[in-house]
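Report on one structure; see the data block that follows.
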């Protein structure tokens, strides 16, 4: 059975065993002389070859016997099933094992390769040949003549030459017997320890030749002596082997002993040895060869001339000398083609090529053979059995590097000196398409100016292939990512562009060119082509919009950012470098020539000019340069920078008479404010945030309400007696500006009575209202005479003197708890001053005593007015100081800067500074003369004397002056950074009492100057 020429051998994995080439042995027993196709066994079943389903086989499972060249196969192995059968060449045990003397067991051996490569293994099969009785015993001669004297005594024994039977065991000679029964002779069989049977003829009766002279007899065997000696196979002729001695009790000539070889020894043994008939010395007669006959068995007969010679057996062991060169037997697993192994360069590692068997006829160390390959080749010899090796690939093969190998296999024994031999194995490597085309570089960089002519050749692309023949023929094609308009010649590799390129549409092209060989299983590689389109100045600068509209707040600072003009140029390099400039409007605006940022060169005032328009020019740096234009419009947007200003009422000292007969729902008065902003910044809402009855020192019952849109104050309920007196309403107006609403506060006094009978009393109540904080009732802390008397009577009756002491103790305790907070505030301030007005000391003391009893829970404090008398007797210089509670002071420290502002008081103005200073339960915070930020989180109360209009929330306190001697006429207050609105404001009816003056607070964006009272 032949294996196809393309088969290869591979070390594989067999049934959960790691990848190892394993050698196995398997023994079978077969009887000799069996006819053809007798089944001996199943190799696949007996080896338990269960294939791993995860292993993919390149070809079906196959069993291939590996025979030595010239051997006659005695068994047949089915390639597909592994079943073993006998062949038409019958097994003859006697012929197969004839060379081994006294061999009891006879074996026949073959090697079987299990294929394909993925599951390769080599199996040695030994067949034990059982003997059959196919040989009849044979004598050396058909007639054995034995002469016996007729006067021979009874029981005399005569040895008979043994018969020879090639069969063994029970098939060998078992016994002898006489063919014809005669009374004169008997047969005795002597069996030696080695199992040999020697026949002996016994004389049982007296013989008489005259009566009968011929008898037929069998073999007679007697006990013999065995001697074992050793002789080197290179012993020269005449070398002594053994010296035999025999003795005889007879005398004279009967005692002379003669030695001779028995005719039972083989002729070959007789040729190699001789024996001296007189001395019994055995010598070498002919050169010995252990490899031919390692053991000789000599049967020596010693006879004194009598009828019964003695026997001795001499076993001669021929010892080995290193006289044989090792032999190499090569059995190819891959079939030869013209005496050469044809092996693909893609053959995997461990591909089996041939089974190498080395033998040496010598024995022991002389017969131990080492086998190896000369030179450095990608092949190796892997031992599988004793003296058997597999020639297999040890490294990848490459046709392009080496196309053929002449492997010299050397076998050397261990003799001294060693003997060796060699054999050649020729291997030709078959080229496979295992090399893809190779480009000299992985990437090709190209450039071409835009607006090129069609069919422009770019470059000649070339690749090489290390294979040969069709495997090295290269075809060029464009990759799937190649854009339209590019072409490559299939044979020459010339790359061209068939269209006009526009850099502005696409500046870079990146695609692949594929080189594919013409092999049966073609291989390919690719190179990346990167094409850069060079720019020409064929595009004008382009604005993102033909016209730009920007909206900026009117409070945008000088050189603040108005907006950004974006212009692009589709060209590249210097052709895309753009410079911007303002054509008209250079006095008002500037533009960054590179970034396009527009900044104002002026400050905006929406009320003066609400928009600006100019042109911008863009020029690139190309040659020649290109340009374009765009229109820019800047719109000024209003910001909420003006607080509402109360027009009605014109003064916080004014009041309106509300008669008790007015019906609910009637409008008793109205407030009105204006805001110089626009839009939602000028939308106003009114609300009453607090109200008290000054006269009765009680809070009203919600008698009045205000319309948040119109400012109309209406009577909600019918007036009762308890409602009579002076009512103070705190009215707040706020705009709806974003992100923060601005507001102002005014005091509305309503005198509920039928008539104004006591104007002085009303003015006194107005004064008390102005002196009273917005969160306290007038006269708080005071006790009327009636109440005082009642309290004294109650105290005297209930607690007496102990109650007074208890009150004093509690008061002292509370005051002590406030002291640490005052110290903390004082310590955190850079400077704090108390400013004392220049007024009568008794009035100061009187007011201080009343204010010390103010409630300690008061959250808001007041502006303290410090009065100093200038040279001008008609004006009083006043410094304002803010009294902040600890909570508000800690929140506003470092956040607000206030500046004191001198003002002018009427000559009859009361000393309010002294009152506010003494009434303040918390330390004061010194106003510093710095430009402030508009105050937040504070209530600013608008004081509205007859000659002032009220605006709150100014950013700074500015110097203001009264220009009129009439305390009820309108005056102007100039504020730094603000603007003025002139005009007369109508006032309500006032009493003849001249109201006191307060500090004037002016700020940015106010329309008029005002005198105010501030609660923080």
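For all residues, glycine too, the Cβ spot is worked out from N, Cα and C.
In TrEMBL, annotation is done automatically, which means it is predicted and not curated.
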825-854, 855-884, 885-914 - the one TrEMBL records as region 'Disordered': 825-854
Per TrEMBL record, range annotated transmembrane segment [choices 790-814, 915-939, 940-964]: 790-814
Composition by DSSP (helix, strand, coil) of residues within the domain 'Cadherin' (22-139): 11 helix, 46 strand, 61 coil
Highest-contact recorded stretch vs the domain 'Cadherin' (22-139), from 223-328, 343-439, 440-543, CB pairs under 8 Å: 343-439
The domain 'Cadherin' (343-439) - residue tally per DSSP class, helix then strand then coil: 4 helix, 50 strand, 43 coil
PLDDT averaged over every residue in the domain 'Cadherin' (22-139): 84
